[in-house]
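Trainee: According to TrEMBL, the protein has these features:
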| type | residues | note |
| --- | --- | --- |
| TRANSMEM | 20-41 | transmembrane segment |
| TRANSMEM | 47-71 | transmembrane segment |
| TRANSMEM | 92-114 | transmembrane segment |
| TRANSMEM | 134-151 | transmembrane segment |
| TRANSMEM | 178-200 | transmembrane segment |
| TRANSMEM | 206-231 | transmembrane segment |
| TRANSMEM | 252-274 | transmembrane segment |
| TRANSMEM | 294-314 | transmembrane segment |
| TRANSMEM | 321-340 | transmembrane segment |
| TRANSMEM | 352-372 | transmembrane segment |
Amino acid sequence: MGSSHHSQELKLNKFEAPQALKSATYSFIVLGLITLIIGIFKNPERLWTSYLTAFFFFAALACGAMFFIAFNHVAKAGWSVSVRRFAEAMTSYFPVMLISSLVLIVGFKTLYAWARPEELHHMANSKQIYLQPWFVITRMLIFCLGSWFFAKKIVGNSLKQDANGEHAFTHANLKTSIGYIAFFAIFFTLFSIDLMMSLLPTWFSTIYGIYCFAGALQSAVAALAIIIVWMRNSPWISGYVNEEHQHDVGKFLKGFTVFWAYIAFSQFVLIWYANIPEETEFYILRSLNGWTPISFALLIFRFVVPFLVLLPRASKRNNTILVSTAILVLVMQYVDMYWLVYPNFYDGVPQFGFWEIGIFLGFAGLFLMTMIQFMSKNKLVAVNDPRMHEALKHHVTY
């Protein structure tokens, strides 16, 4: 990477979401609530599996965005200053994540064998201790509250800096980001194990948390790429974000695509080579009853296609190609969450319909609502960050 002079006029206007986007957002929320209420009484198993899938999808999106913010602070990255606020907007979802995690507790007995005392007693002693419902709930709430706390501190400092430009906020965020990364490494792993891996309590993987982390980061960068392209072609911002920043986010997307594939392959090949029944059960479930095409679709459309498409330099600078690839990654992130949850239910037969669509759109509406509110209340760019000059002069040389 290098630098070049900045020639485009800087412009920053107050964000006002299009009316069509607002209407769609609130319609999605209403549809989600209706689906939730009907499902509780009519089809609780289908409701809670679709709820967990969508809940984890959007939680991972917000957590991935927060991690992106944190590692850029720790790296003292200058190029990302002008796009960081869009990632910060995604973290405004954390309060909703906390509330929706409390709702998820209602469905624990439907989803998890360990939440039913008669089944918990038949598990190994160590699992009986670790999977005590109160202990799982405690860990989940610590993660949700901790994520919200760190976001309030780090994003809050970024917003305060907009007013006075004090460098102290940048230094404070570096230290806080180090703390967040340590917190995230431990508790996101537990969060993933508790809510996703324990759906099949007899199975285990020592890199399951890293697998979920890789997917979270890949999908968060994909969402960021879509927002950047949208903002570059909007009336709200000009000059602060250009194709150089878009190119780098595209490189991150390609990089995390490879990282996800590396972790996914590592998990698979170790389990396949060891051939231990308690471990192979996971992949056997996903190779029967119609799951084989979905398993191959993950490999092809989450790794092969995005990787090959994003290899050329020009594709990362092409709005249509980058957005299409990012949308594909987000779709496959949902398919991945679905692939992790659903084989454990319905006799291993894939199910998809009204419940999955309604609940997903409800969560999507909540996610969009929090982002719209954040972006409407705050500046779209961290204008007083001391590294802004680096972002404005940023130029990709490879």
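Any Cβ shown, glycine's included, is placed from N, Cα and C.
Because TrEMBL annotations are produced automatically, they should be read as predictions rather than curated entries.
Note that the structure is predicted; figures quoted are calculated from it, not measured.
Buried or exposed, and what's around them? Tell me for each listed feature.
Mentor: Remote same-chain residues near the transmembrane segment (134-151) are listed as 62-63, 66, 70, 91-92, 94-95, 97-98, 101, 105, 108, 114, 176, 179-180, 183-184, 187-188, 190-191, 194-195, 198 (criterion: CB distance under 8 Å, separation of at least six residues from the stretch ends).
Proximity of distant same-chain residues to the transmembrane segment (252-274), defined by a Cβ-Cβ separation under 8 Å and at least 6 residues beyond the stretch ends, is recorded for 205, 207-208, 210-211, 214-215, 217-218, 221-222, 225, 280, 282-283, 298-299, 302-303, 306-307, 310-311, 316, 322, 325-326, 329.
If you look at the transmembrane segment (294-314), the same-chain residues 6 or more away from its ends with a CB under 8 A from one of its CBs are 247, 250-251, 253-254, 257-258, 260-261, 264, 286-287, 321-322, 325, 328-329, 331-333, 335-336, 338-339, 350, 398.
Same-chain residues lying 6 or more positions outside the transmembrane segment (321-340) and placing a CB less than 8 Å from one of its CB atoms are 53-54, 56-57, 60-61, 196, 199, 215, 218-219, 222-223, 225-226, 229, 246, 250, 253, 257, 286, 291, 294-295, 297-298, 301-302, 305-306, 309-310, 315, 352, 356, 360.
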Trainee: Output the single range from 47-71, 92-114, 206-231 maximising the number of Cβ pairs under 8 Å to the transmembrane segment (178-200).
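Mentor: Stretch with maximum Cβ contacts: 206-231.
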Trainee: Please report, as numbers and ranges, the same-chain residues at least 6 past the borders of the transmembrane segment (206-231) whose CB is under 8 Å from any CB of it.
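Mentor: For the transmembrane segment (206-231), the far contacts come to 57, 60-65, 67-68, 83, 86-87, 89-90, 188-190, 192-193, 196-197, 237, 241, 245-246, 249-250, 252-253, 256-257, 259-260, 262-264, 266-267, 319, 322-323, 325-327, 329-330, 333, 336-337, 380.
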Trainee: So which of 47-71, 92-114, 352-372 has the most C-beta pairs under 8 Å when paired with the transmembrane segment (20-41)?
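Mentor: It is 352-372, which has the most Cβ pairs under 8 Å.
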Trainee: Which bits of the chain, at least 6 residues beyond where the transmembrane segment (47-71) starts or stops, bring a Cβ under 8 A of a Cβ in it?
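Mentor: The answer is 35-36, 39-40, 84, 87-88, 90-91, 93-94, 97, 100-101, 103-104, 107, 110-111, 147, 150-151, 154-155, 177, 180-181, 184, 188, 191, 195-196, 212-213, 215-221, 223-224, 333-334, 337-338, 341-342, 345, 351, 355-356, 358-360, 362-364, 366-367.
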